[in-house]
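Taken verbatim from TrEMBL:
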- 40-367: domain 'Aminotransferase class V' (DOMAIN)
- Lys205: N6-(pyridoxal phosphate)lysine (MOD_RES)
- Arg356: substrate binding site (BINDING)
Amino acid sequence: MEVPPPLVLKRPLYVPSKTLMGPGPSNCSHRVLEAMSNPVLGHMHPECLQIMDEVKEGIKYIFQTLNDATMCISGAGHSGMEAALCNLIEDGDVVLMGITGVWGHRAGDMARRYGAEVHYVEASFGRALSLDEITFAFEAHRPRVFFITQGDSSTGIIQQYIRELGELCRKYDCFLVVDTVASLGGAEFLMDEWKVDVAYTGSQKSLGGPAGLTPISFSKRALTRIRKRKTKPKVYYFDILLIGQYWGCYGTPRIYHHTISSTLLYGLREALAHFCAVGLKAVVRRHQECSKRLQLGIEELGLEMFVQREDERLPTVNAIKVPFGVDWRKVAEYAMRKYSVEISGGLGPTVEHVFRIGLMGENATVERVDMVLSILNEAIQSSKLGIKTERSKI
């Protein structure tokens, strides 16, 4: 029997316009969207390689690093997590995961698949880890690799002490891996100064680029470790020595590793260009000011932030407690149905407990903050009214 062409593909493509105020992706600027409409280039064409070089310089700036091994992984933010662990871990290595939400557990799952002996140091619910808690775990487990998320998008927690963790890892001859997917652009991050060995981030959050390319950087110390491995990294696609040759990181002739999306490169290049033009400090300040405005608005509405300590709140992904008796799904559905605005629920440990409001990139503005506060309040009141109506019918 011949399978016929699907009828759904005979209809024109329709993509609605939405304001993405969830934990990511954020809305792309017109500049980024227009860049992605340019003609496709071959993955080894000199023009494409030139754009890759420009992207590489932009990534060095946002990470504040001079690392040669700075590039992108072709994949979503998870590919950065995979690449970091895949290249550093060999069978039997002790790996310690810092837990402030869902992502440390996700990284632990990956590390086990690469043959690691995985241990966890877990923060109290709604809190960041203290330096004492981490130091105690180092004493107990003597890890070869330590993974921490600077900003956990599942809980809205920002982890302090990254600078001190760099020193701690050097003391224990441990490699520090920092996930900055949700935090970069909303919090200070100084890769070289803080002695971070591997850092990666998301292109689709505060950078305001398209999802699908993950900026990542490896320190010289990490690169030495990788070159001295007893065995090759277990996944060819994530082998940083090969990807780095494709990206022209090591002063050797470029090789074909995979077919990169030139379209995604255009978008990321323009997102980075805008980020660099505004300036790193100014971008961070804007995200933090918007988050503070949102937090004040939440308090005025009689709502409560999930993270109690202000200095532990992630500016880019703000977690708000769902009021008693309110169905978060109905609130999110109301905002989307009436205003085409995304407000998300919780993830992992915060499922059913919080709303998550993202203030990233194009959406980190005073106007967007005021808009989402108004819509959230209206949606909650509508939800409460619906509950009262249903009860009156009983």
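The backbone N, Cα and C atoms fix where each Cβ goes, glycine too.
Rounded to a whole number, the C-alpha distance linking Lys205 (N6-(pyridoxal phosphate)lysine) with Arg356 (substrate binding site) is 14 angstrom. Its Cβ placed at the centre, the residue listed as 'substrate binding site' has 27 other Cβ atoms within 10 Å.
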